[in-house]
Amino acid sequence: MGIITLLANRRGLHAILSNAQRIVGCRFVSSSIIPDASRLRNIGISAHIDSGKTTLTERLLFYTGRISHMHEVKGKDNVGATMDSMELERQRGITIQSAATYVNWKDHNINIIDTPGHVDFTVEVERALRVLDGAVLVLCAVGGVQSQTLTVNRQMKRYNVPCIAFINKLDRMGANHNRVLSQLRAKLNHNAALLQLPVGLEGNNTGVVDIIRWKAYYFDGDNGEIVREDVIPEDMVDECRKRRQELIEVVADVDPELGDLFLEEVKPSESQIIAAIRRATIERTFTPVFVGSALKNKGVQPLLDGVLDYLPNPTEVKNYALDAESLDTKVLMDSRRSGEAPFVGLAFKLEAGRYGQLTYLRVYQGALKRGGFIVNTRTGKRVKVPRIVRMHSDIMEDIQEGYAGDICALFGIECASGDTFTAEGAPLVSMESIFVPEPVISLAVEPKNKNDLDQFSKAINRFTREDPTFRVRFDDESKETIISGMGELHLDVYTERMRLEYNCPVICGKPKVAFRETIGKEASLDFRPKSRVAAAGQYGKVVGKIEPMPPESITKNEFVDATVGMNIPKNFIPAIEKGFYEACERGFITGHKVAGVRFVLEDGAAHAVDSSEMAFRMATIGAFREAFNKAAPMILEPIMSVEVNAPQEFQGTVIAGVNRRHGQVTGTDANEGYFTLFAEVPLNDMFGYATELRSQTQGKGEFTMEYCRYLPALAQVQAELMDRFNVEKLKKAKR
């Protein structure tokens, strides 16, 4: 089982074992790749910001013997948590990028990815969940289900990731596990039930009760590393019986085997209940709920046991790849760790390391061996694997090979995030790519010192390669470099990293909202050049229509070739498509990008001598401009889901402030003298809200926001944007 490390007040082994209660768990120290897939777990720790994810991960590392000392996220020793390896993370006390590690617990290997909780870094959660088999959803016992919890829940659903829930921070004033359980059921639609009950709340929390194994657990030693087993307190027995029966009923509703026992009025055994919970959790029809306090070192070891008991191993999850030749054909991955099947892996994250680009990779099939050759299915390029490492935060440990189910990292591999690699000579397949949300905010940046342009370019190139939500473009008209991202914090972190990591301080312009131009109705297009003989190679006629995309695709554009016959030679169709997408890059009424438009090409004409790709591309741009102005053009703006928490005495003031910012209140919640306001507010109206909220609530209020959707902007906003655009055009025309 491992080497037991006894750290409890320097007491001897005999003294500890002579206690009246039984010692059932300590710290386990061992580390190895275990070939048996049943003893492997790939999990992520996900939650809303400040729910205690990184603190929980620090305890997981300590109790499994992976680290010898625990450090806090904002500890007095100024060391910072192990998984927050970036200097900026330790300064700000937040997780900015996901970090991977692995531990050994009771002869099982657990790969862990600690993810950010802030919505601005949501792509880190997205790509982590894409490659994981299970997750721990951390919930604050006071805050409960919050805005980013909803986002993480959607991401888990998108990738069919089973999860167990951990209600953290039971030591805090106002902690209420029952309220959080109700929110888990009502807001997230989880079929959930408690597997544990806390022994006391707030300052009186001393341990947890396991209602399945019918035992109480207390956590002794300087750091809670010794798990002491005891009988359930007498005053909790009745509630534990009630909760156990509730648990059995909830699981019996979704598990046929336990359901049969329940209908036959047969009392299920401990092992039967655990097996039923495992089946239901893996099928995502039930969510087991654990309780504890990571900061106070309570409930973490039973949570580790829960990861082994209820979350799937790689063979219990079905992963599919798409046949590269026929993307409609799905290929089931062979998750056996024998290495007999051809290798398939997904590069899910890139990071610039000390020795070059570090590519994080999940092995889905077969074996990856050092010195072997693999093929990038996107580029068709054959590459050698010079070095394979396992990551422990920012520390690398060399390994010779990785098998199906392993998460490792490669050096010296040039690729993009989301690329699939296969064995040399094997059929080409492609893993389904990672969902990447569109940026919602932009600002202009330039280096303070013109001599830093080289470092500035290096930083920009690296960050865009690592983070698909961080976009960069050069505006030809203003001659500015424009960076775009998921929020002000997202862009602030990258500009700060330029200063810290590249010694390149930058000057930032004012943030700009990513407005979009779209159309409100269908319009026909029939465009031909004014004169066929105007210039050689300049004839091209396009006929068709443009129409609005459905609401769920409002941020996308689509080109449809509906031509019949050869009026337009097929070799000119790509030029027409290129012209359409080129025209969408800069709109006609405000200069913002065009979105939510479907371009249907129905007919056209070409000339045997005077037609060219350039002619059709320019004809398409002209046709699109004419049709766009006839199709009820309008401006879309990003709407944010906003969640405000503040003392109840400020509720009226806060609601009035949100209304002034053209927000729509969607709900409120009250708890222990505080209220939570849920609203949808245009991003354009959210600038400066943090300062206003602090002023309104005497510094006691806080808020979070995340992108929700695009909606038509208010008429006044649209008019202002169009007027500003027209004024700028006039100024340029006079120059």
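Note that Cβ sites are derived from N, Cα and C of the backbone, with glycine treated the same way.
Residues or ranges marked as GTP binding site in Swiss-Prot: 47-54, 114-118, 168-171. According to Swiss-Prot, the domain 'tr-type G' annotation covers 38-315. Taken from Swiss-Prot, the feature transit peptide applies to 1-28, supported by sequence analysis.
In the structure shown, across all protein chains, LYS53 is the one of the binding-site residues LYS53, HIS118 with the greatest number of other Cβ atoms within 10 Å. DSSP classifies LYS53 (GTP binding site) as helix under the three-state reduction. The Cβ neighbour count for THR115 (GTP binding site), using a 10 Å radius and every protein chain shown, is 28.
Within 10 Å of the Cβ of ASP50 (GTP binding site) there are 20 other Cβ atoms, across all protein chains.
For ALA47 (GTP binding site), the count of additional Cβ atoms within 10 Å of its Cβ stands at 28 [all protein chains shown].
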